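Annotation source TrEMBL lists domain 'Phosphofructokinase' at 185-487. Look at TrEMBL and you will find Gly192, Arg256, Gly257, Gly281, Asn282, Gly283, Thr284 tagged as ATP binding site. Here TrEMBL flags Asn282 as Mg(2+) binding site. Look at TrEMBL and you will find Gly283 tagged as site 'Important for substrate specificity'. For Thr310, Ile311, Asp312, Met355, Gly356, Arg357, Glu411, Tyr463, Met464, Ile465, Arg466, the entry in TrEMBL reads substrate binding site. Taken from TrEMBL, the feature active site, proton acceptor covers Asp312.
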Amino acid sequence: METLSHAISASSCAKLTLPGNDDISRRLLLHRHRHGSLSSLNLPTLRSQRKSRAFSKVECSQSSNSNIDFSDPDWKSKYQQDFEKRFNIPHITDIFPDAHSFPSTFCLRMRTPVNEEFACGYPSDEEWHGYINNNDRVLLKVINYSSPTSAGAECIDPNCTWVEQWVHRAGPREKIYFKPEEVKAAIVTCGGLCPGLNDVIRHIVITLEIYGVKNIVGIPFGYRGFSDKDLAEMPLSRKVVQNIHLSGGSLLGVSRGHPPVTDIVTSMEERGINMLFVLGGNGTHAGANAIHNECRKRNLKVAVVGVPKTIDNDILLMDKTFGFDTAVEEAQRAINSAYIEAHSAYHGIGIVKLMGRSSGFIAMQSSLASGQVDICLIPEVPFNLHGPHGVLRHLKYLIETKGSAVVCVAEGAGQNLVEQTNAKDASGNIVLGDVGVHIQQETKKYFKEIGIPADVKYIDPTYMIRAVRANASDGILCTVLGQNAVHGAFAGYSGITVGICNTHYVYFPIPEVISHAREVDPNSRMWHRCLTSTGQPDFI
């Protein structure tokens with residue numbers, strides 16, 4: 001499918017208003033992109049400008065909201081109106097204003113499956129108060145920052161004025177816009193593997209059956225399954241999916257790349273699919289949004305609902321995505337192994353490379369959870385290997401004082417240090433250089449040159465982590481995401497994704513969560529906590 005950069009082009013300034021882009025990091029990355037080196041930067045000058053980083057965010061926020069005049073006494077209400085317009089979720093009635101609604105067939109007090117006896121009407125229980133009102137909302141931001149200089153502050157205006165921002169609450173509605181016996185639902189999993197895929201598939205199928213849907217299929221191997229004539233759709237039922245959550249991977253298989261969106265929608269028309277559940281990351285969601293728009297263009301009554309799947313936890317606005325907790329838990333095994341290897345060797349150094357193309361959440365949280373990491377390196381924070389303030393100099397200090405050290409590095413960190421191939425994978429993502437191997441080689445070379453023996457061990461658990469089954473925390477998250485995806489489709493929403501926001505489940509319009517990848521804010525409290533745990537200095 002289209003990659004993030006193809007799907008929606010976000011201005012660089014707008015990106016700076018969100019976490020992960022303090023002024024120094026931004027300028028370092030920009031300089032590195034233009035010149036390929038940090039050597040010509042005046043780092044002391046940059047360090048002295050830290051105080052202005054919060055105000056840079058505010059100034060950029062102003063320019064990204066250029067239609068709002070902050071001198072206008074009513075700017076706050078105008079901003080809220082604009083927010084409500086952007087976060088309004090598309091509905092079937094936008095295209096079919098005369099679309100009929102029906103009493104919901106989802107009622108947990110009515111346990112008899114829907115069948116032919118209810119062809120002229122659906123059973124409902126007016127006494128059951130388990131439905132969500134369409135006007136229910138969840139607060140997007142819960143911290144009222146008093147100053148733009150507060151750690152992690154995200155401000156709309158220079159005074160950090162509090163503005164309430166509400167998003168749609170997820171869950172079953174009392175009225176539905178599809179008759180279950182007329183629904184053919186399809187599920188597709190795209191991109192790479194991630195713990196929890198089978199859990200989500202399972203609960204989409206189970207919830208569809210509770211609504212009364214009998215025609216459920218899986219599209220094999222991602223979007224490829226819509227165009228490859230050799231790949232037959234897989235019939236799904238509760239009996240088929242009952243125990244799939246006990247294994248990792250995806251029952252349906254995954255793949256990268258895509259046929260043209262028009263071909264996908266044509267295939268959906270030919271198959272009679274009118275509900276599509278898409279499990280994937282930013283690029284996959286860009287594809288889901290394109291499918292939604294093409295369906296609208298053709299006046300098709302189709303609900304397209306995304307479930308965000310990214311082990312990197314890099315989807316905007318959400319607390320976390322499924323698979324992330326499992327990845328952090330599994331990473332502990334690799335980090336602990338690296339610690340034991342390093343601690344048991346004379347001048348031992350353990351290096352662990354974890355996932356995180358553009359976001360360092362797994363490396364940060366894993367380092368924080370383990371308590372065994374001395375250096376954590378993430379894409380959002382530039383660093384030097386060599387020099388008086390470099391990583392290697394600090395490793396020398398650790399060997400001299402502790403006798404061993406553990407380094408945790410995200411795969412997207414330090415890409416300025418490794419050779420660039422400019423190659424891209426099937427999803428259009430740039431193929432990254434192997435920073436873990438590079439650090440391993442440079443570490444061995446450095447200690448050999450200074451005449452200090454060092455025993456360096458390197459561990460890359462990437463594919464082991466991706467393939468495991470979801471842990472208990474992710475299992476719960478996957479269950480609720482799968483259920484709410486079905487509730488959203490039956491409620492008539494399309495072009496949406498479901499996520500968890502401030503511990504509550506919500507629906508977002510897809511474009512709002514895929515404009516760019518979510519990143520670690522180097523000025524956030526969580527990154528500060530990680531630095532407190534590792535005790536590492538500034539490597540620039």
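Using the three backbone atoms N, Cα and C, a Cβ is placed for every residue, glycine included.
In TrEMBL, annotation is done automatically, which means it is predicted and not curated.
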Asn282 (ATP binding site) to Arg466 (substrate binding site) - Cα separation in whole Å: 17
Met464 (substrate binding site) versus binding-site residues Gly192, Arg256, Gly283, Thr284 - nearest by Cα: Gly192
Which of Gly192, Gly283, Gly356, all binding-site residues, has a Cβ with the fewest other Cβ atoms inside 10 Å: Gly192
For Arg466 (substrate binding site), the one of Gly192, Arg256, Gly257, Gly281, Gly283 that lies nearest, given that the binding-site residues are compared by Cα: Gly192
Residue among the binding-site residues Gly257, Gly281 whose Cβ has the most other Cβ atoms within 10 Å: Gly281
Model confidence over the domain 'Phosphofructokinase' (185-487) (mean pLDDT, whole number): 95
Thr284 (ATP binding site) versus binding-site residues Thr310, Asp312, Gly356 - nearest by Cα: Thr310
Integer Å distance between the CA atoms belonging to Asp312 (substrate binding site) and Gly281 (ATP binding site): 9
